[in-house]
Structure formats: structure tokens, C-alpha cells
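Undergrad: Dropping the structure in here first, questions after.
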Amino acid sequence: MQLAVWTYEGPPHVGAMRVATAMEGVHYVLHAPQGDTYADLLFTMIERRAKRPPVTYTTFQARDLGKDTAHLFQTAAREAYARFQPQAMLVGASCTAELIQDDPAGLAEAMRLPCPVIALELPSYQRRESWGASETFYQLVRALADRDARPAPREGRRPRANLLGPTALGFRHRDDVIEVTRLLETMGIDVALVVPLGASPADLAAIGTADFNICLYPETADTACRWLERTFGQKTVRTVPIGHGATMDFVAEVAAAAGLADIPALPHSNLPWWSKSVDSTYLTAKRVFVFGDATHAIAAARVARDELGFEVVGLGCYNREFARDLREAAKLYGVEPLVTDDYLAVEQAIQAAQPELVLGTQMERHIAKRLRIPCAVISSPVHVQDFPARYSPQMGFEGANVLFDTWVHPLVMGLEEHLLTMFRDDFEFSDAHGASHLGHAHLGHAAPTTASVEVPEAEGWTPEAERELLKIPFFVRGKARRNTEAFAAGRGIASITLDTLYEAKAHYAR
Amino acid sequence: MSASLPIAMPGCADAPVLRERGQREVFCGLTGIVWLHRKIQDAFFLVVGSRTCAHLLQSAAGVMIFAEPRFGTAIIEERDLAGMADCNEELDRVVDRLLDRRPEIKLLFLVGSCPSEVIKLDLSRAAQRLSVKHASRTAILNYSGSGIETTFTEGEDACLAALVPDLAATEAANLMIVGALPDIVEDQFRRLFAELGIAHVDCLPARRAGAMPAVGPNTRYLLAQPFLGETARALEDRGATRIDALFPFGAEGTTEWLHAAAMAVGIDEMHFRRVVAGPRERAKRALEPMRERLAGKSIFFLPDSQLEVPLARFLATELGMLPVEVGTPYLHRRHLARELALLPAGTVISEGQDVDRQLDRVRAARPDLTVCGLGLANPLEGEGLATKWAIELVFSPIHGFEQAGDLAELFARPLRRRDVLRL
């Protein structure tokens, strides 16, 4: 047993729901107890879908246990087919139904429904959400792809590619698809099929007619891509175009896969110039901690170091299926890879690394808030605000613009907060005086500011050195304290004085 | 004072109930943890379940999850399923570690889930075993919040019912309010009872594990919530007697609820009227503008919390709304008898659910307002139907005089929003 308060991923049947909900004409009959329908609200609330997810739950109750549940499943499947008339049906069990040993696959087969029925085996006690999505996608492709479909002869037509992996509840999947489609259009390449997002089983049958595949989200699409390589000989473009450089690499890889002789002029990204402009100089070597799903984390680390000039001080992911890729990436940055789904371990790692910026999920946002470190969200799981109304891709050149703004914004805010804190005791900024533009009303004693000043509790600091430490900006104060203490410990200095503080500063100067 | 209520029509007291089975779009009882852990301040709720259970709590608790909540899930893994003995040892290990890390916990609930019930993990034995081990510090109880046994608010019922056998015994003629209420509402009721001359009122649950009320043959209890069937039974097993009343929603419901309690403990009628007159008038004033917005509007309740019947009664009798269908996950006839009698005759009362058929009825009726869960609200809005999401009715303070206006406002707001948007 594992004690959990927060989970980065849901159970695997939620992954299957993400695939079913992304598609048109698919219905998922899920053998599950009353209550499991909670998952619907992830789609209707977080993603704000205006339609119910295409999922029928058997919602069995205690009184149904026994042979009744099998009957219940068949009734639910029959009624779901009659009502929704899907082109294809998914059937499977949630964690509880897995224990009661009804066999959705066998039960559905015996019913001989007049549409393809794909049985899902999703081991709930071993696997998680993204694995469930990947497996479901793979099973759908395997069952529905027309194996005789092949691309038309190349002469006289544009190259055609499939975009694989975007799902419901995916972080910025909606806009990434638009952005990548536009980019391919500029290159003279057509998108044959986007799956699962927006595709129907009938569309899926023609998956083999594309010249090659683009694996946008390996977490969902990698397994299916490998099968398509084997079955249809379709090449897979594996570079994930998140960031300016990665997008350039992606373009090159796509051009090669499509057999393009030369690459036409591409829309440019503002990121390179924004990052070179003098306003960005202060970003240099900012210490950044990156955590998320492996794909987004690895991509973010590259952008952070190569395109914004940050120093990557931590890199991790929660999905162990991609732990190998993450570990290899961590080597590039000389950091310990962190593969865990325990948010307390992430919190500990962040605390130890003392970063100046955290890039992570919704959970890291809350950890960073607690530790008072600026933060931006780069990966699922995310809350409703990260399914924005505005166009907001992560991929491609516009995606790079979005990344620049999203990551730099909290830092600028951090600097503002620091300046305000620094000048707090100045006459004009004193809390007791209120805001000058609100007239001259004297507020008297305003509530004490919430920006509490942390007083070092470590022993060995002389009062003088302690006071000096408080003058250091709060977002580097932790690092300064840690460095100074390490410096003192290394030299057997028992009492940290002003001199020790500045000796250490000189020692660690970059 | 009940004379001031609308004259009791035949209402729906004997109306046939539409009983449906099929897909149910409801929460399981685990969700109750989300508000119970706020109420009992030194209790921890440890769900023994699967990743799905943890994911449900996380989805239901929203941002609460980041505030070091006093609940968690012991997620059953593959190796726990291999052998049952191992499962018990694992649970002990998790509990030991948890209590080590959270020494302030005085009451630990082991909460059963669908997986733990299906594998027949005996949590009551585990609770006894662990109680002995941690006897000096932490009481350990268990109840089931599984979806196969409980629907949404029934989780609170199961939790409170688990507390009852351990309540101290008393011969005193005490008055007990049963059902977790927001602190502010509880305090308002205590003040009113004090003014009536009932200085001491017990609440189940109390805010702290060590302060749970005593119970005995002279205990009279008043249900604050309609979903407490098991708890009522457990209290009656201990000799307590229920005071039959409307539930305290709206000016009239609250008056009647207080009145029943006051009469039961022998408070003078005139004194009662004097004490209640002020707040009752205030509540009516707050309801007046809402009546203008809501009167004549039809409303359809999908089953969710068992609050549907008393809320429909409040909306119909005090605000002039027209209930089309009132769905409830479970209909406790005895506790709701007076409520049902006040519902307009002809209202369809349904128990249980076949969600697709029920939605067909919603679409056919095209009510002005549909009360439903968050899985259905946006899809129905997408079809052009105004909705009020039901969960808010469980999380917001809605009981008593001072909240009557707020309660009506919860139903008026979605309709007003449709009027103000120019889209």
C-alpha cells in the first residue's frame, strides 16, 4: 500500500476516457461501481466540454454483486449501442470491476453488437492514466486501421502526415494541433489525420494512407507509432517541437521524412530576439527546477538552458514509462534525474536545489507558492485556468513566444515584489502611509504586510551577519545562506560574521 | 407556528414514487470526507482504496488538497492483492507511519471503498486491532464510503453512525443536533436555542474528537440533514428519540424545525414566537426579492444528495417555484413525510436513476432550471438549459434564517446570469 494525498496521474481507465472523449463516434462502456462517474467532471469542468463524455458506466451497487453484474454490463452495453449508435465501442473495467472478475471482453463478444468492439485490458493496480491512454489508442489503431491502405503515388501531390497523440484533457493539445498544422501547411505538407482528437473510427481506417507519422505526444502515441512503423512502414518524426530550437529540428526532421528538397521560408518566432534583448540579461544563469511529464520536462529543460540562458538545477518526471529518456536528458545538464510520483519527494528536491524559478505542474505551482519561488506551469496535471480561452500553444514558433512570456512573467513579478519589499521602509512606500494615489487619507497602522521576513534560525550567525543577510533579495537569500554555511562548515568557522558572508560570496562568485 | 405554513394539501405524501435503475451519475460516499475533515478538526480520514479513490478525492477537493488536508488514500497495489494477510500488515504500516507524522490526530477513520469492500478487507477488525495498538493516543473507527454502498452524502451518514456506538452514555435529557453544519450556522442555532432557554445543545459531530456528545434514553435529537437514516437508527439503538420536523431551509422550514425542538423540551409557545419573530422576519425580507425572480419558474432536480425534497419544498412553498420532478438517490419516507406533504400535488418524485432516461425527461420538460451534478451541468447548458450545480448546496452554508436569502440566491443567480449576458 502506498499512502497518497496527491496523485499526478489518475487510474488507467481515465486515460481510456481521454481517448474516447477526444474522438467522434466512439462509445466507451465502462464496468464500474456507482461513483466512478466523477471522472466526467474532469472533462465537463476542467476542459469545459459542452457535451457529456461518450462513456456509459454500469454503476453497479452492492446489491448487484454476484452474477447480476455481468447481466448489468450487457444491458448497459446494449442500451448504449441503441442510444448512441457508435461506429466503434470500447469496453473495459475500472479498478473495482477488475476485482469482481466479470469479463467485459467476453461478455461484449457474446452480444455480437453490430459495430467493432475493442476490449481494453487496463491493469488498474499497476498502471496509470497516460499508460491507459496509450494502450487504448494503440488498441483502437490496431483494430480499426485498414491494413491494405497505402499512400497514393507521390507524383503530383503534396506529402501527407498524420498527427498522433493529442487527446481530451491534454495540456494545450487543442492549440498545439493548430500550430503544428499551420507549420506543416507552410512547408507544403498536408495533415492526413489527427488522432485521437477529433477523429472517428472511419477516419482511423485510412491511417495507412499517410506518408509518415508525427508523434506529437509520446506518452499517448509512441506505442501506436511503433506498430504503424511495423505494419505500414511509415516513418515517425519523433522530435517534439517545443521551443525555438526544437521546432527548427522538427522542421528538418519533417522535411527529411517528407522528402522535401528545400525548406520554404518559415514564420519566425520572437523568442530569439526577446531573449537576446538587454532586458533579458538578468535571466542569465537563473537557477531553474523542471518537473512534469517526461516529454514536456525534457523539452522545457532545453528551452531553459539554450534559449533563455537559465541554469537547469533539477529535472524530473512522474511517468516512469519514460524514465529512460528523462535520465538521458538529465545527463546533458549534469543533474540527478528525479523520477517519482510522490510530491513530497519533489518538494524536498526543490527545497534542496533552491531554484529561482520552478517549471512544473499544478502541484509544483503550489509547492513554489509555499516556498515563495516564482513558478510557471509546463505540463499536466493542470487546473481549469490552464485550459485557456485564448490561443496558447506550447509547440511551434508561436508556442515559443508563449513559453517566453509565460516563464519570464513570474520572474518579472518576482523582481517587482523584491523592489517593493526593499523599499518598504522608505517613506513613500511605508505601509503606514497607504498608497499616495488614493488621496491623503492616513491609514494609521495598516495590517502588517504578509511578506514576512525570514529570520535565519541556523546557529552560528552573528547578529550583524544576520542583518546583512536580510538585505539580500529574498529570492537569492536562501542560496546565499546555504552557500555561506557550507563555506563556513568547510573551513571549520564556528561563527559566521560579515566577513564570512562576503568571503563566501567571493568564493562562489560566478 | 406551523399554522402559518401553507395549508397542508394532499401534497406528495402518498404520491407514487418513480423507482429507476440504470446508470447513476452520482458521487460515492468518499466525497463526504471533503467537508467532514473540515468539521472534525483533529480527525484524519484514511481511505483504503485504489488510485481511482485518490483521484476522486483530489478532483472533488480541488484546491483544498494543497492545504495539508487531513485525509489521504492508502492505495492498494498489485502485491496487496496477492494475499490478504499482507494487506493487513501493509495497512498497519501505513497507519503507524501516518500517526508518527501527524501526532495531533486524535481520531482516525479507516474508510472503506469499493475495492476494499470487494476484496472483503475487514476494516472493522483492522480498526479494533489498531485501536488497541494506539490506544493511548488515537481512537480508530471505520465506515464505508464505497460507491457500491453509499451515494455522496450517505458517506456522512456512515461516518456519524460509526461514531454513535462509542458515544458516552448519559441519563440526562439532552438535545442534540445531528449533521455536520458549517461552524457559523451551528453557532447561529446555538444562539437561538440559548435565547429560547435551551442553554446546552449538543452537536453530532462535535468539532473535536474529545468533545463528542453523550447519548441515552432521555436524549432528543433533531436532524439537520435529510440523509442521516443510519445515524438516526444508531441513535435510536442507544435510546434516543427523534424530533419530527421539517428541515431548516428557508424562513418557514427553520421556524418549524426550531418549533418542534422547543415544543419537545417544553418551551412556552409565546416565548418561542417572541424569540423567533425577529430573525424570521429578516429571513422573509431577504427572500422577498428572490421570490420575484423565481416565482412561476419550473425546476427539475436530478438525484445527488437527498437534499432535493426539502429544497424543492422550500422553493415551492416560499418562493413559488414549480417542481417538475424531484429526483433523490434515496428516499427516506419517514424522515421526509412532512416535507413530501408540502410538495405541490403532481410533482414527480423519483428515487434512483437511469441517467439517460432522466435526461430525456429533462429535455422534454425543458424546465427553467435544472439542478444537477458537474458532470451534467455544462452539457445541459450546451443544450440551452439553465442549470444549478448541486454540489454547491452541500458545501455552502444554507441552513437557518440568516442563510435563507443566500440559499434562494443560489437558485436565482444562474437565471439572472442568463438575463445579463448579451451573447
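Using N, Cα and C of the backbone, Cβ positions are placed for all residues, glycine too.
If you look up TrEMBL, you'll see A:12-411 marked as domain 'Nitrogenase/oxidoreductase component 1'. The [4Fe-4S] cluster binding site annotation in TrEMBL covers A:Asp36. Here TrEMBL flags A:Asp279 as active site, proton donor. What TrEMBL records for A:Gly414, A:Leu415 is substrate binding site.
Where in this structure would I find these features, and how exposed are they?
TA: Within the same chain, residues at least 6 positions away in sequence whose Cβ sits under 8 Å from that of A:Asp36 ([4Fe-4S] cluster binding site) are A:Leu30, A:Tyr57, A:Thr59, A:Ser94, A:Thr96. Secondary structure at A:Asp36 ([4Fe-4S] cluster binding site), taken from DSSP and collapsed to helix, strand or coil, is helix.
Neighbour density for A:Asp279 (active site, proton donor): within 10 A of its CB lie 11 other CB atoms from the protein chains shown. The DSSP secondary structure for A:Asp279 (active site, proton donor) is helix.
The number of other Cβ atoms within 10 Å of the Cβ belonging to A:Leu415 (substrate binding site), over all protein chains shown, comes to 14. DSSP assigns A:Leu415 (substrate binding site) to a helix.
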Undergrad: So what pLDDT does the domain 'Nitrogenase/oxidoreductase component 1' (A:12-411) average out to?
TA: 96
Undergrad: Can you give me the Cα-Cα distance between A:Leu415 (substrate binding site) and A:Asp279 (active site, proton donor) in Å, rounded to a whole number?
TA: 13
